[in-house]
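Novice: Among the features that TrEMBL reports, compositional bias 'Low complexity' is placed at 49-65. The domain 'SSD' annotation in TrEMBL covers 374-531. The annotation region 'Disordered' is assigned in TrEMBL to 1-105. The transmembrane segment feature in TrEMBL is assigned to 369-391, 403-427, 433-457, 477-496, 508-531, 819-840, 852-871, 891-914, 921-941.
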Amino acid sequence: MRLNPAKVAPEAAPGREAGQEPGSEAQGPEAGPGPDSESRPQPAAGPGSELFPAAEPEPEPLSASGPGQEPELGWAAGQRAGAPPESQPLPASESENGVSERPRCHTDCLEAPLSRAFRRLGWEVGSHPWIFLLLPMVLTAVLGTGLIHLPKEEEEDLEEQYTPIGSPAKAERRFVQGHFTANDSNLFSISRKSTEVNYASILVVSNTNSLLEQETLSEISEVDDAVQALSVTQGNGTQILYNEVCSKNQGYCVPSNPLLFAWKTNNVLNLKNITFPIYSLAGQVVYLANILGGTVLGESMGLSQLLLEAKAMRLQYYLKTGEGEDSERSKAWLIHFLNQVGNLEKSLALKKIQVVYFTSLSRQLEFEATSMTVIPLFHLAYLLIILFAITSCYRCDCIRNKMWVAAFGVISAALAVVSSFGLMLYIGVPFVIIVANSPFLILGVGVDDMFIMISAWQKTNLMDSIKERMSNVYSKVAVSITITTITNILAFYTGIMTSFRSVQYFCIYTGTTLLFCYFYNITCFGAFMALDGKREVVCLRWLKKPETPDQKCSSLKKPCCLPCNSLRDKHKADIHPMNLFFRDYFGPFLTSTESKFFVVLIYILYIISSIYGCFQVQEGLDLRNLASDDSYITPYFNVEEEHFSSYGPRVMVIVTEALDYWDGDARQKLEKCLVDFENSDYVDKNLTEFWLREYVKYMENHHHDVNDKITFLKNIPNFVIDSPLFMYDINITSSQEIICSRAFIQTMGVSSSTNKKLMLLQFRDMAEKCEIPLMVYNQAFIYFDQYSAILENTVRNVIVASTAMFIVSLLLIPHPLCSLWVTFAIASVIVGVTGFMAFWNVNLDSISMINLVICIGFSFDFSAHISYAFVSSSKPSVNQKTIEALYLLGYPVLQSAISTIIGVCVLSAAKAYIFRTFFKIMFLVMVFGVAHGLIFIPVFLTFF
């Protein structure tokens, strides 16, 4: 297209001598970003308006170009840089024309100095773009070397990262370890162990109604024999046999299943005469709880019932545990077991049964494997964000086209990730698996400031110098990008207060990365934008030249100016269609009476559903969710939940201080407390094991005086000879003082996380109320503690973060009504996300707690922009205020949500719960946040 030079040559701007080239540096003191530069008359904002001086002056639209742009709305002063293109342009400020006389609580005590500081920074970036471009890249290269410290083969301690810091169970474990001993090599007892041992577990499920049949037990026996026959050949040629690493009882490996062992010893064992849960076998009492599952019981027989059917059986192979060579050999055998157990199923050609398996190493190995499943998604996420950014910022003329700038904005976010992660690894902040979620989030959030800066650049005067344009851009975006960065960083850094180390590390990494994003946006990205501004000058000069063969644009400059068509029509305002949609269609529709009624009805249904969901959400991290969906541990936990959920762990009830056990009153008080435990709904009273009860019977059978101290203490050695396991339940000093002892109770009905939490709280409360100093403990309590801690941590973090957001809103958006609506939106979105988590099968755990903290920052961003635009509007009616607020900020808010969803959407394809949960909650946060920012808050504001 041929352009007449006379039409594109601009008139000399005020303060610029005629003939000065566009984009050339202004001379004289007035060009600098000095204090008086703010009071100078600013040039027209539209980049196209000055190119056609003959045209009628048109008002500059506030969203002149591009998605993600934010109008130049002064947070504190309530001023707009331009006016919407209506019949009459809006005044620059209310005070100039007296549109509204109501008093305002505004102040620019923070905005004004921040804008001045950014104006100076923008001037420097425009003056020395290459310095500001290269220095951050050099910094990234230096800090990026810290990535060599990324953990490769180092195991991540799941207990350390995903259980509460300083939990009561950890203190209880230290007490047990300090006062009670155990012996894996001679008298092994799993219930007496204070920590998890090395083990392999196989759950056998019968294809028929019951496995208590000779043929079925024969197949189970084959599996058992095959497992015990496994051996590992080490690098030096030596073999590790099962009977060398197994835990032993009186010289023999602990049977994988006592009932199966009895049947293998005696094939004519009467399977119709087995009682459950207590079975007397050759004078020995055998506890079948948690050993047989899917049971059908018949008539009562003493403390037990006749066992009619059993659908499943547990084979448990306990190995030597501890420090040193024995434990390493045990782990080597377990790894060999995992490699071979799949082949065993095929080689044995099992017809009567199905088997699932698990080991003490499985949770760790599978959890580490999940991190590998998400690596391919990084590339897809970056590609999608780059495509979105390019599409958003693409324009059909070479001046306004910012697709290369948008692409570099995504690269800038990537540089921030590299720099932040490198720095954190340098200073020793552990990298845990859930930190792998952070780059996806940064991708979506980090580009938001880029869109705002591009928007501000499009509003600058093309005829100004690069320095002036950059100083104008920086002064306009200063508060906007600073407040969103501060709120998001604060939201993450409040997560450091939590009791879960994994959450702490995630929040440290992500908060620091957002800080680097902010720093790189105002330096590196700004410098690239300044360089692109020079490209605009070249393109403009090329457009002004006549298209003669000897004056065509050079081959090097042509690619920079693509697409090489002319500027837009001079009479056409540069308004994005989406801004028009919000002003002409969505806004009027939303503010109609019928729509308001429908919105209120929808909100009532939303809040009722959310509150209901809040009471349904499950607490705690299900350990099966640490592995990928196709992991072998998932069917294992499914079978265990289906057939072995009736009984829970055996819990120690520990007398923590010295007690006169020979004193009748002391024994009576202790017995009363133990009976209280047995009367709990979570305890099977028939399965209690207490040395003192057995010892009293022993003393009475031998006609000894149990109330005499000397006699009581003298007969304990003889008693533990008959019942050797009880020697590990009594801590008696050389001075013949029993400083502590313990009993065991069998829990039941604690399959759900809620029951686990209630059981743990009830037991600790009973122990505290007992006249005798008691303590309860089981190794599983280390994980159970998260059920009570997670809610407390979440509520505390949400309250602290929300308070911080409220304070920030008062400081940087000093309008009380605006701050109240922001707080309302934060609370409403948090309730909604928490409630709908239950409907989407997401537990309230350390993973989702992170997202709820994130929720606060995003809720602030969405609601603050809209509500402040509303209260700052000079329109006479509330409906017009709402329409104007949506016109100004509806599309940027929508785009911010879309960019974030695109950044995390690839995680929906992940095979691991950890990453899928991150996507689910971020999706809820974005949807509900946008719904509040664009629907609920605008409608509610019209009622007040």
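From the backbone N, Cα and C atoms, a Cβ is placed for every residue, glycine too.
Those TrEMBL annotations? Automatic predictions, nothing curated.
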Novice: Run the contact check on the transmembrane segment (403-427) against the transmembrane segment (508-531): 3 or more C-beta pairs under 8 Å, excluding pairs closer than 6 in sequence.
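Specialist: They do touch: at least three Cβ pairs between the two stretches lie under 8 Å.
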Novice: For the transmembrane segment (369-391), find every same-chain residue at least 6 residues outside the stretch whose CB is under 8 Å from a CB in it, and list them.
Specialist: 403, 406-407, 409-410, 413-414, 433, 436, 439-440, 443-444, 447, 450, 626-628, 631, 898-899, 902-907, 909-912, 914-915
Novice: So what's near the transmembrane segment (433-457) in sequence-distant terms, Cβ-Cβ under 8 Å and 6+ beyond its ends?
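Specialist: Here the qualifying positions are 63-72, 156, 367-368, 370-371, 374, 377-378, 381-382, 385, 389, 392-393, 402, 405-406, 409-410, 412-414, 416-417, 469, 472-473, 476-477, 480-481, 484-485, 488, 502, 505-506, 509-510, 513-514, 517-518, 521, 525-526, 529, 533, 846-847, 850, 854, 892, 895-896, 899-904, 906-907, 914-915, 918, 922.
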Novice: Mean pLDDT over the domain 'SSD' (374-531): what is the value?
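Specialist: Computed over the domain 'SSD' (374-531), the mean pLDDT is 85 on the 0 to 100 scale.
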